[in-house]
Amino acid sequence: MATTMASCGIGSRCAFAGAQLSSVKPQNNQLLGVGGAHGEARLTMRKATGKKSVAASIDSPWYGPDRVLYLGPFSGEPPSYLTGEFPGDYGWDTAGLSADPETFAKNRELEVIHSRWAMLGALGCVFPELLARNGVKFGEAVWFKAGAQIFSEGGLDYLGSPQLIHAQSILAIWACQVILMGAIEGYRVAGGPLGEVTDPIYPGGNFDPLGLADDPDAFAELKVKEIKNGRLAMFSMFGFFVQAIVTGKGPIENLADHLADPVNNNAWAYATNFVPGK
């Protein structure tokens, strides 16, 4: 997504978020600020997928200068470089990490990609335990113990079934992961085998087989939902890591223990009794 600009004619000048901006030619995947009636923020999104560009105007509480901020009405004035152009911008950057445009662009991509991995990872940590507690047997269900099964005498059976993939070599798994993930990431960043120009964060095309981004209004809202759930998933994964170190149990078992005896099974009780290495 390119830098936010005021939508106006070539060579003219117009105002957006209290600043005068010279109009330049819009680029693909561009979010254009358009002044709405009665001071309401209206956004125009341009979505390019190698086909004809589609533009849509949306009134959204998540974009623009009048968007929802991190402390609501008590947030104060957000930094000038956080204009509400991108999804998940709540006007909070006390460390100034977004002040440099190039660093900001890099960090945006890193956050979205890590959010997606965290959402998949959180599901992978929780779902096997849920199945195991409901009588479905497919090998080790605790997420941080499952991978170690490959070092056992019988190796690792995917989903607990030797008919699927029976893995006995950590090097073979590593090689497959590098090849498969490297190919997909290369496709995403380079724009496909023909090098078509795409947005590396939201490439669309084969990465959107259900056509969820076909409607620009819905696409803008989905971006916000994705980053919000992704941030929650990253915190969840951090919590799972801490739980594994402190309790030696998976998240579902920890939850069950807490519900059964909340007085003796809680963060404070574990923190005060935790001894590293034991």
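Each residue's number is its place along the chain shown, starting with 1.
Each Cβ is built from the backbone N, Cα and C atoms, and glycine gets one as well.
The secondary structure of Tyr70 (chlorophyll b 1 binding site), as reduced to three states from DSSP, is coil rather than helix or strand. Around Tyr70 (chlorophyll b 1 binding site), the same-chain residues at least 6 positions away in sequence with a Cβ under 8 Å from its Cβ are Tyr90, Gly91, Trp92. Annotation comment: Swiss-Prot describes Tyr70 as chlorophyll b 1 binding site.
DSSP classifies Glu111 (chlorophyll a 1 binding site) as helix under the three-state reduction. Other Cβ atoms within 10 Å of the Cβ of Glu111 (chlorophyll a 1 binding site) number 16 in total over all chains. According to Swiss-Prot, the chlorophyll a 1 binding site annotation covers Trp92, Ser98, Glu111, Arg231, on the basis of similarity to another entry.
The Cβ of His114 (chlorophyll a 2 binding site) lies under 8 Å from the Cβ of Gly230, Met234, each on the same chain and at least six residues away in sequence. Annotation comment: Swiss-Prot describes His114 as chlorophyll a 2 binding site.
Under the DSSP three-state reduction, Arg116 (chlorophyll b 2 binding site) is assigned to helix. The C-beta environment of Arg116 (chlorophyll b 2 binding site), restricted to residues of the same chain at least 6 apart in sequence and closer than 8 Å, consists of Glu226, Gly230. The chlorophyll b 2 binding site annotation in Swiss-Prot covers Arg116, Ile165, Leu194 and rests on similarity to another entry.
The DSSP secondary structure for Glu226 (chlorophyll a 3 binding site) is helix. Annotation source Swiss-Prot lists chlorophyll a 3 binding site at Gln149, Leu159, Glu226, citing similarity to another entry.
With a 10 A radius on its CB, Glu185 (chlorophyll b 3 binding site) counts 12 other CB atoms from all the protein chains. Annotation comment: Swiss-Prot describes Ser169, Glu185 as chlorophyll b 3 binding site.
The chlorophyll b 4 binding site annotation in Swiss-Prot covers Gln177, Arg188. Gln177 (chlorophyll b 4 binding site) carries a helical DSSP state (H, G or I).
Long-range Cβ proximity for Phe274 (chlorophyll b 5 binding site), meaning a same-chain Cβ under 8 A and a gap of 6 or more residues, is found for Val246. The feature chlorophyll b 5 binding site is assigned by Swiss-Prot to Gln177, Phe274, with similarity to another entry given as support.
Of all Cβ atoms in the protein chains displayed, 12 besides its own lie within 10 Å of the Cβ of Lys225 (chlorophyll a 5 binding site). Summarising the annotation, Swiss-Prot assigns chlorophyll a 5 binding site to Lys225, Gln243.
The annotation chlorophyll a 4 binding site is assigned in Swiss-Prot to Asn229 on the grounds of similarity to another entry.
Residues or ranges marked as chlorophyll a 6 binding site by Swiss-Prot: His258, Ala267. According to its DSSP assignment, His258 (chlorophyll a 6 binding site) is helical.
Feature annotation from Swiss-Prot assigns N2-acetylarginine to Arg46.
The feature transit peptide is assigned by Swiss-Prot to 1-45.
Look at Swiss-Prot and you will find 112-132 (among others) tagged as transmembrane segment.
Swiss-Prot lists 164-184 (among others) with the feature transmembrane segment, giving sequence analysis as the kind of evidence.
According to Swiss-Prot, the transmembrane segment annotation covers 232-252 (among others), on the basis of sequence analysis.
The distance from the Cα of Arg231 (chlorophyll a 1 binding site) to the Cα of Ser169 (chlorophyll b 3 binding site) comes to 34 Å.
Not a single one of the binding-site residues Glu111, Leu159, Glu185, Arg188 has a C-alpha within 10 angstroms of the C-alpha of Gln243 (chlorophyll a 5 binding site). Sequence-distant contacts of the transmembrane segment (232-252), counting only residues of its own chain at least 6 positions beyond either end whose CB sits under 8 Å from a CB of the stretch, comprise 114-115, 118-119, 121-122, 125-126, 129-130, 133, 141-144, 270-271, 274.
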